[in-house]
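Novice: Mind having a look at this structure? Questions to follow.
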Amino acid sequence: MSNPVTSETLIRKLKHSVLKNLSDFLDPHDEWKTVLMDIQKPTGEPRYTQLHVRRFQRLVAQGKSPTVELLFDWGTTDSTVGELFEILNRHKLFAPARILLPVYYGFYSVNSRHTPYDETIKQKKRENNPHNTISNISHGIILLCFTLNPGFYTFTFHELTQITKSWDDRPVSAGGSRLGEGGFGTVFKGLLNSTPVAVKKLNLVDDMSPEDLKTQFIQEIQTLKRLQHKNLVNMVGYSSDGQHSCLVYAYMSNGSLLDRLACLEGSTALPWQVRCAVALGTARGLEYLHHQNHIHRDVKSGNILLDEDFIPKISDFGLTRASSKRSCTTVITERIVGTTAYMAPEALRGEITPKSDVFSFGVVLLEILSGLPPVDENRDPKLLMEMKDEIDDEEITLQEFIDNKMEGWDMDCVEKMYSVASRCLSERKNRRPLLKEVLTELEDFI
Ligand SMILES: Nc1ncnc2c1ncn2[C@@H]1O[C@H](COP(=O)(O)OP(=O)(O)O)[C@@H](O)[C@H]1O
Ligand SMILES: [Mg+2]
């Protein structure tokens with residue numbers, strides 16, 4: 001059996017599979033350059049220069065990983081895993097740091113800069129040996145570490161199997177663990193000691209290659225690491241060692257907006273005040289994403305999750321793209337993503353612009369107003385977005401359109417929300433408002 005990796009292990013002794021795992025995190029967005037810049041000679045001078053950067057960069061064209069090549073080069077000296085680990089943590093590259101060393105070293109090192117919690121962690125480290133699994137790590141310590149450290153926990157597939165009762169496929173309501181099914185896999189409820197979490201077990205789908213799925217996986221992790229907001233879902237961690245990659249999120253006890261509008265499992269209809277707060281919170285989350293130059297590309301009520309206080313949290317960043325660093329401009333892609341019932345005309349043609357998120361948000365506002373599903377095969381029109389024409393042509397009144405199960409509404413606010421929705425749903429993207437304009441308008445009357 002090979003020796004476990006410790007901080008004293010020489011980098012040149014790392015297995016290729018570990019290097020490959022690291023490169024999955026450090027190659028995209030050129031994070032390897034951050035590491036490279038921080039590597040020093042024993043004299044304290046930088047080991048690498050811009051010339052080296054260009055040399056490693058050229059290797060990409062030959063299909064090589066700059067991370068693997070860099071570590072290979074640095075490994076020719078007696079550099080250690082501990083040194084690399086320090087660099088990764090210094091730059092908040094927690095996910096690759098955790099690949100390198102077990103969690104305790106990670107928490108210990110990251111928090112070792114004289115925080116008042118040092119002693120607790122050191123004591124915990126003494127009490128537990130480093131090979132412990134999640135079940136015998138104190139829950140308090142994990143939460144503490146998440147609070148101090150915005151990095152993610154690296155679970156093993158085995159740990160996630162345990163906390164989801166072996167992926168019990170029966171719905172939670174029937175005593176199982178299944179929360180729902182999505183485009184990329186199944187979501188299970190798990191209990192991390194006594195704290196519930198949602199575990200998304202990714203599955204290969206017909207039209208997606210394993211490489212594409214891996215890209216989505218890494219993208220989701222990197223996006224959630226960077227972007228944090230009250231109205232975006234919190235990620236707890238992930239696993240990438242088993243036959244399925246898994247993503248672990250904070251559990252949203254009120255499920256998705258889609259399910260709550262449909263009053264699934266006998267839930268009561270959301271009153272107008274709650275619907276307004278959900279619309280506003282979602283707009284805040286989306287405005288934050290756009291402000292960070294991120295386009296969600298799959299805005300829909302199924303991706304708006306509600307916590308115990310019905311605070312909306314936008315989920316599924318796997319499809320987001322960091323657009324141009326300068327501004328959110330238009331990109332054309334061959335791969336068309338998103339759900340048709342929410343897609344703007346230009347998104348159907350493969351164009352990526354923040355204005356398509358605005359359009360999809362318009363559909364969500366129609367759902368909030370009407371309680372109707374975005375698509376219904378037995379309805380005329382099938383697509384909810386097309387109901388806008390019926391209202392505009394006065395074939396149905398707004399009063400007829402709104403959800404008759406909803407309490408506490410007033411016509412003035414309903415009209416204002418519909419007016420925002422209607423402009424978001426303009427066929428031509430230039431006629432649609434920006435998300436920040438949508439937000440200002442909603443804030444005005446809510
Ligand atoms: N963090 C979470 N907490 C509670 N339920 C969740 C969570 N994430 C997802 N779900 C449930 O699982 C379902 C499937 O999610 P997902 O795989 O993202 O597919 P989709 O976005 O297509 O609905 C969601 O509609 C929701 O009901
Ligand atoms: Mg989803």
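Placement of Cβ uses the backbone N, Cα and C atoms for every residue, glycine included.
Keep in mind it's a predicted model, so treat the numbers as computed, not measured.
Pasting the relevant annotations from TrEMBL:
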| type | residues | note |
| --- | --- | --- |
| ACT_SITE | ASP298 | active site, proton acceptor |
| BINDING | LYS200, LYS201, LYS300 | ATP binding site |
| DOMAIN | 173-446 | domain 'Protein kinase' |
Novice: Taking ligand 1 as the reference, state which of the recorded positions LYS201, ASP298, LYS300 have a Cβ closer than 6 Å to one of its atoms.
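Specialist: What lies within reach of ligand 1, judged by Cβ under 6 Å, is none of the recorded positions.
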Novice: Within its own chain, what residues at least 6 apart in sequence put their Cβ under 8 Å from the Cβ of LYS201 (ATP binding site), listed in sequence order?
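Specialist: Correct list: LEU160, TRP167, GLY185, THR186, VAL187, PHE188, HIS244, CYS246.
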Novice: Inside 10 Å of the Cβ of the residue listed as 'active site, proton acceptor', count up the other Cβ atoms and send me the figure.
Specialist: 22
Novice: Compile a sequence-ordered list of residues in the same chain as LYS300 (ATP binding site), six or more apart from it, whose Cβ lies below 8 A from its Cβ; state 'none' when nothing qualifies.
Specialist: LEU258, THR339, ALA341, TYR342, SER360, VAL363, VAL364, PRO374
Novice: Calculate the per-residue pLDDT averaged over the domain 'Protein kinase' (173-446) and state the result as an integer.
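Specialist: Averaged over the domain 'Protein kinase' (173-446), the predicted model reaches a pLDDT of 90.
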Novice: Across the record's ATP-binding residues LYS200, LYS201, LYS300, the largest CA-CA distance in angstrom?
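Specialist: Site span for ATP, by Cα atoms: 20 Å.
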Novice: Long-range neighbours only, meaning 6 or more apart in sequence with Cβ under 8 Å: which ones does LYS200 (ATP binding site) have?
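Specialist: Looking at Cβ-Cβ distances below 8 Å from LYS200 (ATP binding site), excluding near sequence neighbours, one finds GLY182, PHE184, GLY185, THR186, VAL187, PHE188, CYS246, LEU247, VAL248, TYR249.
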Novice: Which three-state DSSP class does the residue listed as 'active site, proton acceptor' fall into?
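Specialist: SS state of the residue listed as 'active site, proton acceptor' = coil.
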